[in-house]
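Colleague: Please read through the structure below; I'll follow up with questions.
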Amino acid sequence: MPSALRRKLFSSNDPQEGSSSSASDVGTTEMHLQDPERYGAQGDSKHPQNEVIDQDQSSEDVPNEAAQDGVTQAEAITLSWNKTSMIATYALMWSIYCVNAFQSNITGNLSAYITSGFEAHSLLPVISIISSIMGAATYMPLAKVLNLWDRTVGLIIMLVFFLLGLILAATCNDIGTYCASQVFYAIGSAGLIFCVDVVTIDTSTLRSRGLAYALTSSPFIITAYAGPAAAEQFYDTNWRWGYGTFCIVLPAVVLPFFGLLRYFKSKAKKNGLLKDKPKSGRTFKENVWYYIIEFDVLGVFLLTAGLALFLLPFTIAGSAEDDWKSAHIIVMLVIGFCCLIAFALAERFLAPVPFLPWELLANRTVIGACLIDATYQISYYCWYDYFTSYLQVVFGTSLATAGYIASIFDVVSGVWLFCVGFAIKGSRRFRWLLWIAVPLYILGIGLMIYFRRPHFSVGYTIMCQIFIAFAGGTMIICQQVAVLSASDHNNAAAALAFLNVFGNIGGGIGGSISGAVWTHTMPDALQKYLPAEALADWETIYEDLATQLSYPMGDPVREAIIKAYAVAQSRMLIAGTCIMATSLIWMFIIKDVKLTKTQTKGVLF
């Protein structure tokens, strides 16, 4: 989706004073995990993912051997290269972001037409919910892969998922296959960018990390306008090539990045910075059991199943024959709720290695940041899924123009992030920015409620999008900085994944609200406003965007559709505004942390 920028990591801290600051200046959480040797003949001595490592006690010219393997390897790499190599790495990361941003803009703008082509336009929120849920279930296991094994292992795994999703989408002939493709695509896309974000943590100082992420994410400024135009061209010719093209382009930018990291890992071994890891001594059966527990397979299953079964009924109940009285709707809700309760109990009392590092919740700054992220995502996805459709139907914009308006967030926030990064770097604090951003964001979505009435100029919607972009971009940075201020390099990937889990769950809930409002509002509104001669076609109009657009502006049927969209979108925005208002409470939970920690080593950005 073109909104991918909203989920990226941006942070900016100042390491120059090292760890000499007081405990009140830098909020850190002491975290310890269970003994890893319980899973086999010999555990991994580097395993404890939640143990904070005092890096000031280790030499600055050797990697921290007490850290997890992935972190040790990352430090060895940055200690083995020079400035030119670092620049090349950032150029490749920029290229990966550029390709991902371009394809997300293209495929995001095509999705409404693809689902409409399968007469399933109302399933947009369902796809969004499933994608968010799968993303939430991916981050923590992926963070463990990056920490326990290697950054490049996670990179290749996510590339495979990404390509599989693109291939399935390019070759699908029914809505079921398309939905399946979006699951693989969501896992691969989010996971690939997460890997790049973690490498950015490895290769930058806390003081300049905000600028580093602003740099790597800057392609969104470019692709925000190139993507919608390309999407329109693909739609006019063959939308399948919108996916197929990137099956070729994506590996061309990811594999050189993979090769560069592997090369410097090999160089670090030759320089004596990395030692071969001793064999665990576990049998094959013990290995299988070890990784089942390590990646908390039971927790992942219960969380994924619970969220899917509990959230989907809110979207699909409106299309069921007996609405909420339908047996399958009730069964899904009950089983989903039971799975979520079972997940909480299993994580609290059974899981030797919990899915989430719950120790992080001992830090109120982490709690506040996660709650703001979840609330922000719920609020945004309450209305975003149908936004481009709304622009085309209500204002008569083309596919490309609707994409440009929807991409205002990416452009404005992409530029603004540099300013926020410098502001945090100069002040060494972030909470003051959050206190400005949250009210501004609420103002932006609140104003859109009023301007969703028919016959308002599209300029007012653009104005609101600009407010949301300034506020949303600022909140993204502050959320990420808050979480990372409670962590160190050894736990940075887990901390980032922890926040992303909350964000993705929030996105799933927001999509569920959007779908529920759409399915329970749009059909009734269409039947209320459509002229008598078109009333028999209301179901076709409801399910097909192309049919909606086939009626010219000013036609009584088009006017009826516009009124129905206005009712649905207004209710979505009211829900989003009310939910976002709770962030006025969450922002006061976060401490006013002074950012002075040192994390990484070597030649850094």
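A Cβ is built for glycine as well, from the same backbone N, Cα and C atoms used for every other residue.
TrEMBL entries are annotated by machine, without manual review.
As the structure is a computational prediction, the values presented were derived from the model and not from experiment.
Summarising the annotation, TrEMBL assigns region 'Disordered' to 1-69. Marked as compositional bias 'Polar residues' by TrEMBL: 10-27. Sequence annotations record features per position, and here TrEMBL assigns compositional bias 'Basic and acidic residues' to 32-49. Among the features that TrEMBL reports, compositional bias 'Acidic residues' is placed at 53-63. Under the heading transmembrane segment, TrEMBL lists 87-103, 123-140, 152-170, 182-199, 211-231, 243-264, 288-314, 358-378, 390-420, 432-451, 457-478, 572-590 (among others).
Could you place these features in context, so I can see how deep they sit and what lies close by?
Modeller: Sequence-remote contacts of a segment are chain residues at least 6 beyond its ends whose Cβ falls under 8 Å from one of its Cβ atoms, and for the transmembrane segment (87-103) they are 2, 4-5, 81, 166, 189, 192-193, 196, 199-200, 203, 212, 215-220, 222-224, 226-227, 230, 242-243, 245-246, 249-250, 253-254, 256-257, 260-261, 410, 605.
A Cβ distance under 8 Å defines the sequence-distant neighbours of the transmembrane segment (182-199), meaning residues of its chain 6+ beyond its ends; these are 4, 7-9, 74, 89, 93, 96-97, 100, 104, 107, 127, 130-132, 134-135, 138-139, 142-143, 146, 151, 154-155, 157-166, 168-169, 213, 216, 254, 257, 261, 492-493, 496-497, 500, 504.
Long-range contacts of the transmembrane segment (243-264) within its own chain (CB-CB distance under 8 A, at least 6 residues past either end) are made by residues 77, 80-81, 85, 88-89, 92-93, 95-96, 98-100, 103, 107, 151-152, 155-156, 159, 162-163, 166-167, 169-170, 192, 196, 199.
Beyond its flanks by at least six residues, the transmembrane segment (288-314) meets 39-40, 47, 126, 129-130, 133-134, 136-137, 140-141, 144, 148, 280, 282, 329, 332-333, 335-340, 342-343, 346-347, 350-355, 505, 508-509, 511-513, 515-516 of its own chain at Cβ-Cβ distances under 8 Å.
Cβ atoms under 8 Å from those of the transmembrane segment (358-378) belong to residues 27-32, 50, 347, 434, 438, 441, 472, 475, 478-480, 482-483, 485-487, 494-495, 498-499, 502-507, 509-510, 513, 576, 579-580, 582-583, 586-591, 593 of the same chain, restricted to positions at least 6 beyond its ends.
Non-local neighbours of the transmembrane segment (432-451) in the same chain are 372, 376, 379, 383, 420, 423-424, 460-461, 463-465, 467-468, 470-472, 474-475, 477-478, 570, 573-574, 576-577, 580-581, 583-584, 587, 590, 592; each lies 6+ residues outside the stretch with a CB under 8 Å from one of its CB atoms.
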Colleague: Is the transmembrane segment (457-478) packed against any residues at least 6 beyond its ends, judged by a Cβ distance under 8 Å, and which are they?
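Modeller: Result: 6-8, 10-12, 210, 369, 372, 376, 380, 391, 395, 397, 405-406, 408-414, 416-417, 420-421, 424, 430-431, 433-434, 436-438, 440-441, 443-445, 447-448, 451.
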Colleague: Sort out the residues at least 6 away from either end of the transmembrane segment (152-170), same chain, that have Cβ-Cβ distances under 8 Å to it, and list them.
Modeller: 103, 107, 142, 145-146, 177-178, 180-189, 191-192, 194-195, 240-241, 243-244, 246-247, 250-251, 254, 257-258, 261-262, 265
